[in-house]
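Here the structure comes first, spelled out in structure tokens, and everything after it is commentary.
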Amino acid sequence: MMQESATETISNSSMNQNGMSTLSSQLDAGSRDGRSSGDTSSEVSTVELLHLQQQQALQAARQLLLQQQTSGLKSPKSSDKQRPLQVPVSVAMMTPQVITPQQMQQILQQQVLSPQQLQALLQQQQAVMLQQQQLQEFYKKQQEQLHLQLLQQQQQQQQQQQQQQQQQQQQQQQQQQQQQQQQQQQQQQQHPGKQAKEQQQQQQQQQLAAQQLVFQQQLLQMQQLQQQQHLLSLQRQGLISIPPGQAALPVQSLPQAGLSPAEIQQLWKEVTGVHSMEDNGIKHGGLDLTTNNSSSTTSSTTSKASPPITHHSIVNGQSSVLNARRDSSSHEETGASHTLYGHGVCKWPGCESICEDFGQFLKHLNNEHALDDRSTAQCRVQMQVVQQLEIQLSKERERLQAMMTHLHMRPSEPKPSPKPLNLVSSVTMSKNMLETSPQSLPQTPTTPTAPVTPITQGPSVITPASVPNVGAIRRRHSDKYNIPMSSEIAPNYEFYKNADVRPPFTYATLIRQAIMESSDRQLTLNEIYSWFTRTFAYFRRNAATWKNAVRHNLSLHKCFVRVENVKGAVWTVDEVEYQKRRSQKITGSPTLVKNIPTSLGYGAALNASLQAALAESSLPLLSNPGLINNASSGLLQAVHEDLNGSLDHIDSNGNSSPGCSPQPHIHSIHVKEEPVIAEDEDCPMSLVTTANHSPELEDDREIEEEPLSEDLE
């Protein structure tokens, strides 16, 4: 029965478990050896021993399976990872099962195995245990080696990555270094050029600094010369009286060296500002001498004063005005004013920047107009302009002085005049005389030297003592036509071409000059127009006005002949007719001027035509009898006799009184007889200022310039 049960258990165990055949075969082999070795062994003991061993192996296998299942449920990931390293089931089933003492006693009591068999079994179990331990150690070593290999591979990969990164960084650094080297090479290649440029710039700056120093010295020298010339000119004209020792004081006060560029510019601007103020004072005061000192001139006429005394009194009065203006200008200069700053605008040439206040202007001046190449060039241009204007001014001053000296000489050959003068002709001649001197001068407000304004050396108020001078002016003005116009224009050609100044010639004279300058002595109307605009800057504006006047003069005067030729209609000059009409005497017009006796009602006695002419000539004084008093009756009588041409010579002492008048002398005055045209809107300054005792007439001291006359005279 026991054998059958053992066989059944073995068969069941073989059917239920895999891999037990090897174990059973080993046990069978061991049992065979035991049977062969032991004589007392039996079949029942061997079978029981096998049964026990199989049970132990099954239990051990079950325990291992349970442990694997529990460990798989707890950590399936770790089990999956460690599957290739797990011990096979066959080996796990061979795990030794320790035989308890009770089991040993049962085996001994039942006498299943002999002691020798038990020893052999125990030895086998120990051997199996050793094998299992060796296997476990082997598998552990393999696992450790695998772990180490994995770690080494990971480390190698990391090292490779790091090496790659380092290589990339090294490559980038090498590229950057190469780029830097290339840039340095390029810079080194360009560096010699830069050094040369820097050296050139330094040399240029040094040259500019030297030029600026020379230029500053030239400016100081020019300023000194200009001040000396200005003082000398004023001293010559009698405007100021300076002792010889004091003439050099302003020049000596100028510093010679140690000035900064800003101080030199400030000095230049201050001096030019003072000169411009003085120039304006002389310009505005030159023609207003009689109005500023009307009381002194009136008293001089009643007290039988001579013209030179009156002249000196006027000049002395004017010098006081100039001194006052000079003092006021110096106060303005010290009061934070500036020549280059006015009305919130910078007056530097070509700048015109808007500055809100004086501080902003100073910042603008120091920043934009510092001592550099551009400012130096602009200053040089201004110096050239000033030099040209000074040359022109000196020429004009000499010419004016000669004219004044010449015109105020006493007449030597009085000529009789059978008929009274034409009033319009005398007024025209006086006006033309005044136009030839002051209005032909260039107006140069920017020049540091003051232009000399013409100052009449005789009294402006017409007195019996001044009537011979007026006669001389009339005669000299009529003789002027014997002088060729080319000699008048040639020296001032550039001035008239560039300056907007009216030429002191009639349209007929200008037309004749244009025709005479042409190659074939004939011009078309358009060619005459082009000559006017080309020669005079004054005719480049108001074309409609003066072109009408040119056409009117061409058709009016017989000396201009219209000829038809291939070009069309051209104009020529008949010189015989031109000279004949100039030398022709005026016959007079009795209806225009009547012989009116001297009385207090002189203004009321003027006829309608005379009053109309005076009204057109802006002379309300003579047409208003209320302004005439007893003190000026002799003066008005002299004016009346001069306008009628009955006076050309009076006693050299100038004896005159309100009660008596000198004997009229008959003279022959060469004046062109022409119809009255709208030329007489201007009038001589001497007539404007007659009997000027009222301040209401001070606004009429400067009369606006009108277009040129449309007649010959």
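Here the Cβ of each residue, glycine as well, is placed from N, Cα and C on the backbone.
Note that the coordinates shown come from a computational prediction; the quantities given were computed from them, not determined experimentally.
Between the listed ranges 100-121, 122-143, 386-407, 584-605, Swiss-Prot ties the annotation region 'Leucine-zipper' to 386-407.
For the ranges 67-86, 147-166, 227-246, 647-666, the feature annotated in Swiss-Prot as region 'Disordered' maps to 647-666. Between the listed ranges 352-379, 436-463, Swiss-Prot ties the annotation region 'Disordered' to 436-463. The feature region 'Disordered', as given by Swiss-Prot for the ranges 182-219, 676-713, sits at 676-713.
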